[in-house]
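Enquirer: Sharing a structure with you now.
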There are 2 protein chains.
Amino acid sequence: MSGTGTRSWWGWGTTEDAVEGDELDAVVERARELAPHATLVDHPPPAVADLDLPEPRVAPPASLAKLCSTDPEDRAGHAHGKSFRDVVRNLHGDLRHVPDLVARPNTEPEVTDLLDWCAATGCAAIPYGGGSSVVGGVEPRFDGRPAVTIDLGCMDQVLETERTSRTARIQAGVLGPALEDQLRRHGLSLRHFPQSFAFSSLGGWLATRAGGHYATRLTHIDDMTEALRVVTPVGVSESRRLPGSGAGPSPDRLFLGSEGILGIITEAWVRLQDRPRWRAGTSMHFETFDDAVDATRAVVQSGLDPANCRLLDPAETFLNTGRSTAGGMLVLGFESADHPVDTYHRRAVELCRDHGGTVPDEVATEGAERPEAAWRSAFLRMPYRRDALARHAMIVETFETACTWDRFPALHQAITGAARRALRDVTGGGVLTCRFTHVYPDGPAPYYSVYAPGRWGSTVAQWDEIKTAVSEALLAHGGTITHHHAVGRDHRPWYDRQRPDPFASALTATKRTLDPAGVLNPGVLITPSEGSA
Amino acid sequence: MSGTGTRSWWGWGTTEDAVEGDELDAVVERARELAPHATLVDHPPPAVADLDLPEPRVAPPASLAKLCSTDPEDRAGHAHGKSFRDVVRNLHGDLRHVPDLVARPNTEPEVTDLLDWCAATGCAAIPYGGGSSVVGGVEPRFDGRPAVTIDLGCMDQVLETERTSRTARIQAGVLGPALEDQLRRHGLSLRHFPQSFAFSSLGGWLATRAGGHYATRLTHIDDMTEALRVVTPVGVSESRRLPGSGAGPSPDRLFLGSEGILGIITEAWVRLQDRPRWRAGTSMHFETFDDAVDATRAVVQSGLDPANCRLLDPAETFLNTGRSTAGGMLVLGFESADHPVDTYHRRAVELCRDHGGTVPDEVATEGAERPEAAWRSAFLRMPYRRDALARHAMIVETFETACTWDRFPALHQAITGAARRALRDVTGGGVLTCRFTHVYPDGPAPYYSVYAPGRWGSTVAQWDEIKTAVSEALLAHGGTITHHHAVGRDHRPWYDRQRPDPFASALTATKRTLDPAGVLNPGVLITPSEGSA
């Protein structure tokens, strides 16, 4: 999970960490079990030199030239995010929409200068953090305008740390590991660990309302945001550092989730935590998935606030841990920097037992962190394994939602039905798994993974058909098109239907006001024509 | 704290609950101790018949006539909120801005019809819940337009209760007690208890981002909001019931805190809790206020999540409990519907002891709720006592803010300095007290009370001078002009300086889009001219 190494232009993370050797053999073997008829031929990525990228259509002025790159690997590496469809298109050398320039500002005035230049010349500007979007959020897929990707990667410093209030002022371009490294020396942590942690940025988390690894409470970056600095085309917006305020609608909540269409977040004051000293955790097994769901709900409604409360269905349990369970497994974890957590941990286990939960002897680890650590390791390797499987024409992708507990049974049934029908029609069959990545007192955030054998050359179209089927199902059953993957360009058809119309009008009016030339990230959240002056 | 009885047109709550007899004697006696030279002559309110209200300038169309009242007591009772300056102006019969009509819709279509009629005739519409604004939020103080106050009081039903997800769909006009009465039969509670609870409404809480009685975590109505229905002049905005979502900026967060300028909230799905069964609490005393502040910070940063964590400075402690402390008192309370809370309670007490806190024998009440109950009773009587003192020409008012812990010492010093100078200059002296109504890991929400002898006929101007001095001080030292009292019309000068300019532009653009005729609550949050088409 290091942020160093050679970034892969086509796939997840670094080339050094790609799946190889024994791990690759095991991953392919597992795929063969899931899809016995799959051919599983490896399709390596093309060389960047063979991509035949179009020439850049714009050249920066002399004053900005030193910030801008036209290096083909830079441009290819910034063309797509990191979804399955992004990776597969890269593997096919299908880069239809490539930024003309990749700009790397070092300071906020340089961000302003870049936006001003884009507005003056009719270029679009795409804010770019770690590039881990899985919804087409950083892809210059819009009208024929030239595109400048503004990569904040050089703005990666923790600028101030305030120990008394446990807050820090941090530049938006910092990636997860560098952020935590800089906080560690102060004994503090943001404790925001999305799966993309190693290759996603603070600014990206803020712009997409990211959800962290923790399953309850302090998981959304929204709640850890004390203040924001945002460069908009009409000026810098800076909110006050406040622990809470009732002065009008929250300015920060307008920019949180705005996905780069209203401005570029350059800095944030974030709320930190002391590093945990006490931990307890248990993995509970269940006889039925319904029991497991009820137990999970009981725990999250109890007010015990586990740091981790992650339910895996039987297929997900088997694929991730090799264990067979009739009803699935709930990974429970408690942690604290201040006090032992055994009392609350025991009560959570008791609540699970009330719903038929059992603790297999070998996974009972009160006081230790083994299941959490094991889960975390598999969790962080998943995107690399996904890439290896994508090369072998497997369709491997995820989708996620959230709904209230009362709606979950019907939503889950509709989604599994739609997915299985689509898998059968499109691929002849495949595997669908479900876990809850986050749970709230009023509902879970179910996260589904699809594994199916594809036809090389068609796996993007095959996936798109499956994705459409499940998106229709979840929208019809009260879900959200995204709990923590954002909207980008790919989720637009469903987001547009989910969003209240007056709010769409308000967002469009805001866009016109803050970005009158319609420079910023066209096509994301609202359509470019709506956002143009 | 009953919602029944005869509502006072000029002061807080019901006439039946006004301060009288022994309580009045005690309140006046306490005032005499605080202000030995005060004359303390009682000035009873005028009769409504003597108010000489202007004739209504508009008449509703026949279709809406049955919803509209021109009754003088209705109009007088809806002219002001319930701040000190509202009450005193009422006592003087100074009602310069009175609604022409008070409309009471029974249904959402009637709300729409009323807004349409206002837009067609050039009337302003003032959304009105419980009328407990202390910031001029419901007062028709603006350009010469006729004003229709839309009182949601008839829309007061819990429409659906969903036990599995612990949520309910509730009409916005319901006042606190009626809301809790309807939820109690399901074993559920919103547990949102602002001081105004008995005479404030769900819709008002939502529109002003109210803070509840609880000191940590689930105190802001924002966090209890699952979905909203809002009638805007361009249509109804309805968000999805979702436990969490990352689909764009939150639509609900735009309307939360919008104070009636973007639409009228008619319904909300809110997140409920089971009623608590376990409680523990202690009141800790401290040698210095600095120690008490440090202890409070330690507790709120510990993750123990007390339901109550309310620090009173020595003057506040004495006035509210009669106890003398050198450094103040911290009221700690824990509660749970699921499990005993003694372990965490003991740890919180230990953290306080680490900062020199002591437990006077007579207030140690582990397992009981005595300090919480005593505090709560005094807390709910405060507005009535304020009215009694206002009649006796005492200046009795509060102001509040929030800031980060690192900034609190300088902010507190600046505020107390500014307040004491203003009190000396304006009234010859008085008493200033401080408590923390809410605390967060990154900072407290300090709440100040002023008691000073005024000159009858000048107490509003005297208060305004004090308020200006302290508002300047808190804004200069990193505070917010309001933590949970909203902005209304009275906080505008400071809110306008606190709010980021690009956000002001966004809010104005949103207002123009959702309320093109500029009908809704002119002058609140943004100026009418900005909001007009």
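Cβ atoms here come from the backbone N, Cα and C positions, even for glycine.
Curation does not apply to TrEMBL; its annotations are automatic.
Found this in TrEMBL, in case it helps:
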ACT_SITE  B:Y447  active site, proton donor/acceptor
BINDING   B:P127, B:Y128, B:G129, B:G130, B:G131, B:S132, B:S133, B:E259, B:G260, B:I261, B:L262, B:G263, B:I264, B:I265  FAD binding site
BINDING   B:R386  substrate binding site
DOMAIN    B:95-275  domain 'FAD-binding PCMH-type'
SITE      B:R310  site 'Important for enzyme activity'
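Thinking about packing and proximity, how do these listed features fit into the structure?
Expert: Neighbours of B:Y447 (active site, proton donor/acceptor), defined as other CB atoms within 10 A of its CB across all chains, total 23.
A sphere of 10 angstroms centred on the C-beta of B:P127 (FAD binding site) encloses 29 other C-beta atoms.
Under the three-state DSSP scheme, B:R386 (substrate binding site) falls in the helix class.
Per-residue pLDDT, averaged across the domain 'FAD-binding PCMH-type' (B:95-275), gives 96.
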Enquirer: Taking the binding-site residues one at a time (B:G129, B:G131, B:G260), which has its Cβ surrounded by the most other Cβ atoms within 10 Å?
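Expert: Result of the Cβ crowding comparison: B:G129.
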Enquirer: Any idea what the Cα distance is from B:P127 (FAD binding site) over to B:R386 (substrate binding site), rounded to a whole Å?
Expert: 26
Enquirer: Other Cβ atoms within 10 Å is the metric here; tell me which of the binding-site residues B:L262, B:I264 scores highest.
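Expert: Neighbour-count leader: B:I264.
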Enquirer: Out of these recorded positions, B:R310, B:R386, which one has the fewest other C-beta atoms within 10 Å of its own C-beta?
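Expert: Ranked by other Cβ atoms within 10 Å, the recorded positions B:R310, B:R386 bottom out at B:R386.
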Enquirer: In whole Å, note down how far the CA of B:Y447 (active site, proton donor/acceptor) lies from the CA of B:G131 (FAD binding site).
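Expert: Roughly 21 Å, rounded to the nearest whole number.
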Enquirer: Can you tell which of the recorded positions B:R310, B:R386, B:Y447 lies nearest to B:G260 (FAD binding site) in space, using Cα positions?
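Expert: Its closest listed neighbour, by Cα, is B:Y447.
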Enquirer: Sequence gap of 6 or more, C-beta under 8 Å: which same-chain residues meet both conditions with respect to B:S133 (FAD binding site)?
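Expert: Listed in sequence order: B:G81, B:K82, B:S83, B:E139, B:G204, B:T208, B:A486, B:G488.
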Enquirer: Rounded to an integer, what is the Cα-Cα distance in Å between B:Y447 (active site, proton donor/acceptor) and B:I264 (FAD binding site)?
Expert: 29
Enquirer: Between the two most separated Cα atoms in B:P127, B:Y128, B:G129, B:G130, B:G131, B:S132, B:S133, B:E259, B:G260, B:I261, B:L262, B:G263, B:I264, B:I265, the residues recorded as binding FAD, what distance in Å do you get?
Expert: 20
